[in-house]
């Protein structure tokens, strides 16, 4: 599934033979230090001539790939542009790592991480490795003939000023990459493979990292009173599950945790309110929010994060059947609040309602964040490059926004006003599960807010970014694994001690 990229660290003085040599230049095309020494005069002259003929200006995210000249111990020279001095000062190291891995392809390469004015830290180098690992990902185990080999199997030797420091920092980055890759794998799996019981089994594998796992089956959910979640699952031949993951990494195990909640609808046909056939195959990705939670717990446990975090996901399949829940049904949620079903395709909020209520009642978290591919309306509003953020807490909202900006997973805060809450009032129950056509993402968030008590809470609607998102230098996958890097950054900056 993953590309299996190998990354090693060597001092800048290291020299080798064969493979590619990767060097970096600004818009002045200047080579200096170790890069100039490795290329020598023949290599430097070739770069100048080729740049002129190919109109290579050294702009950021541009590259020149050349056969190595005689006298240079390499097969190819890969010259990567960094742009102007201003561009270099704001280098996105994760994207640079992905771009570099893309240019190297499935080859071996010595990458000289040094250039004029270079001031990269071990953390920057670690981010570079994260990007390279994410770029090398592929999901092709169901292909029996042509595999996706073009960027897989690369071996990068990074020549850096502090190999031991970079290697230590890169271990954490590797843990995050594992979490993103796990999330991508889960989203990409077909629903006949990743049905609820199998999903719960895969979550249970996190015990090998020290994560405590509890799986709630149908009997336990009925005992608790999770009527909203169970209603969604009625039409499926596959029983639902709730998977709860606890990572206790803080020095004080009794410290209240951060809670992460995910929607895990492994396939959403729409139920009785069935979706149109066109694009229904994408609904295997309607569990992208839950995948982000599972991937984050993996990353935190793998890097031994000094924080207490609980993750909980509701895993169901929404299918039409003689036993399916129907429009006009009234179901009772775990909170005791009743819900009139208007549209069975607005099922994710019912799943989240019971899980949110259970988590805050059981674990008394210091904050709750839920992630869900919840509404098409958020795609209309924000497209496929940014997630919608709804929150009852300005401080938490600001922290999430900053973490997303730093991690390259951007969010945009959306309004939560009384009018949206009023739109879900029902004539027959405490609320209805849709608020009509207008403001669909906001009325869905208002629905969830009714299941949040006095705790800082944020809802991330990731329908646009969680699946079939815009390709980038670090993602060529249909399932992006969106949210893992944001949440890991959030925990690192605000919840670790």
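Note: Cβ is positioned from N, Cα and C throughout, glycine not excepted.
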Site-mate of 263, 268, 347 for Mn(2+) 2 in Swiss-Prot, selected among 282, 286, 329: 286
Can you check which residue among the recorded positions 263, 275, 349 has the largest number of Cβ atoms within 10 Å of its own? 263
Would you count the other CB atoms within 10 A of the CB of residue 345 (Mn(2+) 1 binding site), including those on all shown protein chains? 20
I need the most crowded of these binding-site residues: 268, 347. Count other C-beta atoms within 10 angstroms of each C-beta and give me the top one. 347
Quick one: pull the CA-CA distance for residue 268 (Mn(2+) 2 binding site) versus residue 345 (Mn(2+) 1 binding site), whole Å only. 8
With a radius of 8 angstroms around the mean position of the C-beta atoms of 263, 268, 286, 347, what other residues of the same chain does the Mn(2+) 2 site pick up? 232, 265, 283, 287, 316, 318, 348, 351, 372, 373, 374
Residues near residue 286 (Mn(2+) 2 binding site) by Cβ (under 8 Å) yet at least 6 apart in sequence within the same chain, in sequence order, are 263, 265, 266, 267, 268, 348, 373, 467
Residues lining the Mn(2+) 1 site besides 268, 345, 347 (CB within 8 A of their CB center) are 232, 265, 269, 270, 271, 273, 275, 283, 286, 318, 344, 346, 348
